[in-house]
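Asker: Found this in Swiss-Prot, in case it helps:
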ACT_SITE  D11  active site, nucleophile
BINDING   D11, D13, D167  Mg(2+) binding site
ACT_SITE  D13  active site, proton donor
BINDING   E20, R56, S99, G100, K144, N170  substrate binding site
Amino acid sequence: MKHSSGLIVFDMDSTLIHIECIDEIARLNNRYTKVSAITEAAMRGEIDFAESLTQRVACLEGIKESDLESLFSPIPFNPGAKELIQALQAAGWKTALVSGGFTWFANRVQAALNLDAVVANQLEVADGCLTGKVLGDIVDAQVKAEQLQQLAGHWNIPPDRTVAVGDGANDGLMLKAAAVGIAFNAKPALQAIADYSVNSNNLLEILGCLKQSELIEPVI
């Protein structure tokens with residue numbers, strides 16, 4: 001019988017949830033058109049992710065932190081998110097979220113799904129408002145790949161028992177670092193390097209990919 005446990009690392013925006021949080025925040029101060037255009041270019045790999053994030057976050061200056069709640073009540077999960085995580089956890093898998101998005105949202109996703117770990121960018125807040133800056137190092141493509149490897153090491157999970165799921169060009173290195181890389185409703189650049197592609201919004205289809213890879217046979 002195959003070893004049943006492993007590590008699966010998810011992107012957050014447009015993967016576990018069906019929105020791009022930074023774009024939705026930008027709606028709060030009428031900067032959606034500008035910010036979403038930069039997001040699209042970054043996800044296609046046309047501009048550097050860290051540079052794009054700095055540009056986009058600068059557009060959010062002055063937004064009240066309390067107003068973010070309206071974007072996440074309820075949390076906009078993609079279909080099958082909870083069922084997928086529950087199935088994997090029941091099979092002994094570690095589940096993690098590694099996102100170029102923000103801890104304000106990622107921590108809430110972690111709590112709702114009972115994920116084992118979360119890594120994301122932290123928005124700077126002063127006097128209850130966003131400053132337009134990110135605290136600390138930016139979680140970019142390289143950091144995502146490194147975090148997958150570090151989490152696997154932390155839990156003593158063999159490299160050949162690791163899976164990464166994402167949708168954008170900044171997930172490419174993470175998918176390559178994993179034994180199995182799954183592109184979820186992804187941009188063409190990511191689908192081109194992924195082991196499997198799911199072209200629907202139902203996260204439960206990821207189970208089919210894992211069964212094909214034999215990573216979760218015969219547990220689920």
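Just so it is clear, glycine is given a Cβ too, placed from its N, Cα and C backbone atoms.
Context for these features, please: burial, neighbours, distances.
Answerer: Counting only same-chain residues at least 6 apart in sequence, those with a Cβ under 8 Å from the Cβ of D11 (active site, nucleophile) are L97, V98, S99, G100, K144, V165, G166, D167, G168, D171, M174, F184.
Secondary structure from DSSP puts D11 (active site, nucleophile) in coil.
With a 10 A radius on its CB, S99 (substrate binding site) counts 29 other CB atoms from all the protein chains.
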Asker: So for D167 (Mg(2+) binding site), how many other CB atoms are inside 10 Å of its CB?
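Answerer: The answer is 22.
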Asker: Among the binding-site residues E20, R56, N170, whose Cα is within 10 A of the Cα of D13 (Mg(2+) binding site)?
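Answerer: Taking E20, R56, N170 one by one, the ones whose Cα falls within 10 Å of D13 (Mg(2+) binding site) are E20.
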Asker: Once the chains shown are all counted, how many other Cβ atoms turn up within 10 Å of the Cβ of G100 (substrate binding site)?
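Answerer: Total other Cβ atoms inside 10 Å, all chains included: 27.
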